[in-house]
Structure formats: structure tokens, C-alpha cells
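Now, the feature entries from Swiss-Prot:
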TOPO_DOM  1-16  topological domain 'Cytoplasmic'
TRANSMEM  17-37  transmembrane segment
TOPO_DOM  38-390  topological domain 'Periplasmic'
BINDING   CYS48, CYS51, HIS52  heme 1 binding site
BINDING   CYS77, CYS80, HIS81  heme 2 binding site
BINDING   CYS138, CYS141, HIS142  heme 3 binding site
BINDING   CYS170, CYS173, HIS174  heme 4 binding site
BINDING   CYS329, CYS332, HIS333  heme 5 binding site
Amino acid sequence: MRKLWNALRRPSARWSVLALVAIGIVIGIALIVLPHVGIKVTSTTEFCVSCHSMQPVYEEYKQSVHFQNASGVRAECHDCHIPPDIPGMVKRKLEASNDIYQTFIAHSIDTPEKFEAKRAELAEREWARMKENNSATCRSCHNYDAMDHAKQHPEAARQMKVAAKDNQSCIDCHKGIAHQLPDMSSGFRKQFDELRASANDSGDTLYSIDIKPIYAAKGDKEASGSLLPASEVKVLKRDGDWLQIEITGWTESAGRQRVLTQFPGKRIFVASIRGDVQQQVKTLEKTTVADTNTEWSKLQATAWMKKGDMVNDIKPIWAYADSLYNGTCNQCHGAPEIAHFDANGWIGTLNGMIGFTSLDKREERTLLKYLQMNASDTAGKAHGDKKEEK
């Protein structure tokens, strides 16, 4: 150790002190300049689109207002995709090495078809990154305080005032502003396929993942009602491919009592019943809903159904439903806070938006129930709180 220290202290017999200082300066400058030049070059739009996998999204960008507009200000790739702060920039550069790996080594995005198959995954990753830093790259140009709402469209001005008040992240509402939106259904439909593949009806308490017909007796051909998605049943008996189940729910006492709901006064549907299933129900209790002064009865129905499309834990269903919500309602605008509406209010709200989606009946039912079970007047019930509201 002493020899090493002495060697470091003594001037080199071969090089002068001046030469060593000069070499040190050159190395120091190189260590400063080369990374800077490297970052600058690899941040240019020309460099970004030099990979052929980026050509389709480049053409999409050229059709956007960020490429050509009345003011002549152009947002380049780095303006949107590289955070302005040094730590964020370095982190993003390191993450970008994965893009190179996926293109040239893994070959997962090296054709238009492969890229399209992963578009939703790539977009969600970028949205999450922008959400995490509160759209810092957007804010390097756009500033809530600098906006003249009088020059905006009235609806845009209204939305921007709300966003400014809450300091909302730009990406919440402005997805797809520079690139084509992905088909988000590919993500949540794959998730449903995985949920269906993991179906497990071994427990005493089960939850439906699909709309399932129910029957008055085992082996019946004609259904006596339907069990709706994300509904709980108790298993009374197992017989081959059939399950005898017990369904509990509320119905308005003065009505036809064909629809069971999760809570009295809230139209969160559990099941529809008719025929012999309806005739054999038991009334467990009654209560009056103060808001409407109507009497509701808690009923218990016994029925049969075929095995399949049932799980013994509600949480995977809610995780799938959350993907449904974010993948569907974020397409046109920022998805509102679920607790902004009450359970009954979500029916009309979702009906007003459902025409802009490609959801099928099962997906629509699952999404509605998820929203209702996390609404302002039921928040927490979707996570295991069984306390009923009177």
C-alpha cells in the first residue's frame, strides 16, 4: 500500500508534470463534453426515427398539431419524452436502452405488426411515466397560469379551469394528442381470459365473472333467471357439473320482486329471478329507505347453475374491472374520480358514455358494478366491507 502511495506522489520519470496536467485536463473535458454531446445527439428527432420501428409513430406525429401549427412552434420527440430535469433525463436514457434491446435483440417491436401488438403496453408505460412526474415535459411549454381562457373554446376553458384548480396532470386528458391511441381492449380482454383460465369454484363462497343462467332444478333446460357479474353466492351442494347455490339480495317490496340488488335503494344488480326460483324465495328482513320512503325486502333465493366462470376471491374481478375502467374511459378524456357519483348516478353516467366504447354486455355489466361498488355512497364495499346500508 505504501509503495502505491509513493508511486502516486512521485512525478513520472517519463512524463513531465505539465504533460500529466494537460492529459488530465483533456480527459476531464472529454468526460464532460462526450456525455453532453451523446445525450444531445440521441435526443434529436432524426436519431429517434432512425429505427424503422419508429416510422409509423413518426408519421402519426407529423399529422398532429405538435408537428405543424399556426404559431410555427414544433415539439420534437425529446420535448415530450425526455424529462427536463437532469436526474429524470438520465433515468429516461437508461430506460431507453430497453427499446434498443427489444428492437435489435429481442425483436419484439421490429415489425409494424409486432409494434401494433405492443402499442397498448408501450402507451400505458409512457402515460404512467408522464403521470408520475405530473406531465413535466408538457409543462415545459404549457403553463396553467399563462392560459387566457377567454381565447379558448368555452368547454375547453371550463375543463382547463377545473384541471388548473386540481393541478391535474396533462396526460390525464390529452392521451393520443400526438400519436394514434392504442386499442385498449386488447389489454383488459387478455386479462379476462387469464381470469377465466384461473376460475376456481372450490370454495363455499363464490363470485361470478360472467352472466350465468340459473335454474330451478338441476338439469333444467330453461333458465329461471341470471346471475350477474361480480355477484356473491353461497354453495349449498355440489353434484357433478352442477352447483346448488344461495343468492341473497334486496328488492322493492311493492314491485314484482324479480331483480335482486346489493343494497336497499341502490340499483346495483345481483341477479334476476323468475318462475320457480322466484316462487320459493325467503324474506329475511325488511327496511325503509328514508330518501324515497319505500320499503325494501331482503330475499334469499335457492337455485342451480353449471360450474365454470366462478372464482373464490372478488379481488381479481375488481382488478380486471379497474383495467376496464382505465382502458375505456381514458380513451376520450381523463376518467373521473369514481366517488364523484353515487351508485344510482353511475347508471345514467355510464349509459351516456357507453355508446363511444366497444364493450359487450358482460363487460358493461362488470364495469357498472365496479363503479357502483366504489361510488360516493358505497365506497369500500368493493373491498370486502359487507355492512349493508339501511
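Glycine is no exception: its Cβ is also placed from the backbone N, Cα and C atoms.
Swiss-Prot feature annotations superimposed on the structure.
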residue: CYS51; record: heme 1 binding site; Cβ neighbours (10 Å): 15
residue: HIS52; record: heme 1 binding site; Cβ neighbours (10 Å): 12
residue: CYS77; record: heme 2 binding site; Cβ neighbours (10 Å): 19
residue: CYS80; record: heme 2 binding site; Cβ neighbours (10 Å): 20
residue: CYS138; record: heme 3 binding site; Cβ neighbours (10 Å): 19
residue: CYS141; record: heme 3 binding site; Cβ neighbours (10 Å): 12
residue: HIS142; record: heme 3 binding site; Cβ neighbours (10 Å): 12
residue: CYS173; record: heme 4 binding site; Cβ neighbours (10 Å): 16
residue: HIS174; record: heme 4 binding site; Cβ neighbours (10 Å): 15
residue: CYS329; record: heme 5 binding site; Cβ neighbours (10 Å): 20
Cα separation, CYS173 (heme 4 binding site) to HIS81 (heme 2 binding site) (Å, whole number): 17
Additional residues surrounding heme 2, by Cβ distance to the CYS77, CYS80, HIS81 centre under 8 Å: CYS48, ALA75, GLU76, HIS78, ASP79, ILE82, THR137
Cβ-centroid neighbourhood (8 Å) of the heme 1 site, CYS48, CYS51, HIS52 excluded: VAL49, SER50, SER53, MET54, GLN55, TYR58, THR103
Distance, CYS173 (heme 4 binding site) to CYS51 (heme 1 binding site) (CA atoms, angstrom): 29
Model confidence over the topological domain 'Periplasmic' (38-390), averaged pLDDT: 90
Number of Cβ atoms other than its own within 10 Å, given for CYS48 (heme 1 binding site): 20
Integer Cα-Cα distance in angstrom, HIS142 (heme 3 binding site) to CYS170 (heme 4 binding site): 9
CYS173 (heme 4 binding site) and CYS138 (heme 3 binding site), distance between Cα atoms, whole Å: 12
Secondary structure of HIS52 (heme 1 binding site) (DSSP, helix/strand/coil): helix
Residue among binding-site residues HIS81, CYS170 with least C-beta crowding, 10 angstrom cut-off: HIS81
